[in-house]
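The following features are taken from Swiss-Prot:
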TRANSMEM  39-59  transmembrane segment
BINDING   H116  chlorophyll a ChlzD2 binding site
TRANSMEM  123-139  transmembrane segment
BINDING   Q128, N141  pheophytin a binding site
TRANSMEM  151-164  transmembrane segment
BINDING   H196  chlorophyll a PD2 binding site
TRANSMEM  206-226  transmembrane segment
BINDING   H213, H267  Fe cation binding site
BINDING   H213, F260  plastoquinone binding site
TRANSMEM  277-293  transmembrane segment
Amino acid sequence: MTIAVGRAPERGWFDVLDDWLKRDRFVFVGWSGLLLFPCAYLALGGWLTGTTFVTSWYTHGLASSYLEGCNFLTVAVSSPANAFGHSLLFLWGPEAQGDFTRWCQIGGLWTFTALHGAFGLIGFMLRQFEIARLVGIRPYNAIAFSAPIAVFVSVFLMYPLGQSSWFFGPSFGVAGIFRFILFLQGFHNWTLNPFHMMGVAGVLGGALLCAIHGATVENTLFEDGEQANTFRAFEPTQAEETYSMVTANRFWSQIFGIAFSNKRWLHFFMLFVPVTGLWMSAIGIVGLALNLRAYDFVSQELRAAEDPEFETFYTKNILLNEGLRAWMAPQDQPHQNFVFPEEVLPRGNAL
């Protein structure tokens, strides 16, 4: 008998850290967690701090915190003033000079929340990649999650980067987002943009597909147990199918004359529709950042200007956009000292 005596190879700090990060625990950490957890914690903490205590008086001339009397729908972490351009507004930078109160007043929490939020979302996508690799499945969850990341980055970062300052990015709040949507409509005619149309089709189409799929599966469950309801009859480890694809195919073939017969194509289509829609809308927002025009039906505008009896829904919407610009510009750009007399404000032909 031969006995071999040797020393186990020494493990470096990287291997030790890798084992610790990937240890099986209730909440998986992983390498992605080094980015996800700190950034998500700081972004959420910055938003809660701003909405609770910090005013927007110095940046937008508004009250925006619970402390000032706002509610959940009207609080916001507001974007910095236009004068700061695209400065990252570091706490130690020349704007705040280490003064935390001043940093909050000038909008430092917005850049803090936006950047940590973006990296937190990217960390969550990397988390899905990492766990998919460890479990041994394909990474389509992470690929799908790239769509909301693209929308967030395009709206909160790319759009204001294309404009004159962070000021034109949306504030982090419900009413603040609504104001931003109205701004996009008034200054970019966003609802008539084909990329917006594709985004709406993707989101609503995805919701429709989700509802149809869920209802169809519920409709075709096998009666495979004596329990009080169909949910208790399911076992996570059962080998057989829990619903009938053949029956579902027959049903929709009768409804539309055509139906999915391949589960893999069906679920890929459910993935493709909303993800593509969100990506298209993100591309459209980047176009708005560059002030690209979409559809302008100039012939209708010229005819409406010449003929008092000719007006279309398009020309009325153009007038609404002019009204939005006239009312929002003095508020958003007070340093320009805009003054619009009543006679230049838009009025439809019918008025």
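Placement of Cβ uses the backbone N, Cα and C atoms for every residue, glycine included.
Quantities reported herein were computed from a predicted structural model and do not represent experimental measurements.
Where Swiss-Prot records a feature, it is marked here on the structure.
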| residue | record | DSSP (3 states) |
| --- | --- | --- |
| H116 | chlorophyll a ChlzD2 binding site | helix |
| Q128 | pheophytin a binding site | helix |
| N141 | pheophytin a binding site | helix |
| H196 | chlorophyll a PD2 binding site | helix |
| H213 | Fe cation binding site | helix |
| F260 | plastoquinone binding site | coil |
| H267 | Fe cation binding site | helix |
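The Cβ of Q128 (pheophytin a binding site) lies under 8 Å from the Cβ of P139, N141, A142, F145, each on the same chain and at least six residues away in sequence. Proximity of the transmembrane segment (151-164) to the transmembrane segment (277-293) is established through 3 or more Cβ-Cβ distances under 8 Å for residue pairs spaced 6 or more apart. For the pair formed by H116 (chlorophyll a ChlzD2 binding site) and H213 (Fe cation binding site), distance between Cα atoms is given as 36 Å, rounded to the nearest Å. Residues near F260 (plastoquinone binding site) in space but far in sequence (CB under 8 A, at least 6 apart, same chain), listed by position: N249, W252, L266, F269.
Outside the transmembrane segment (206-226) by six or more residues, the chain places 232-233, 240-245, 247-248, 251-252, 266, 269-270, 273-274, 277 with a CB less than 8 A from a CB of the stretch. Outside the transmembrane segment (39-59) by six or more residues, the chain places 65-68, 70, 75-81, 104-107, 109-110, 112-113, 116-117, 119-120, 123-124, 167, 171-173 with a CB less than 8 A from a CB of the stretch.
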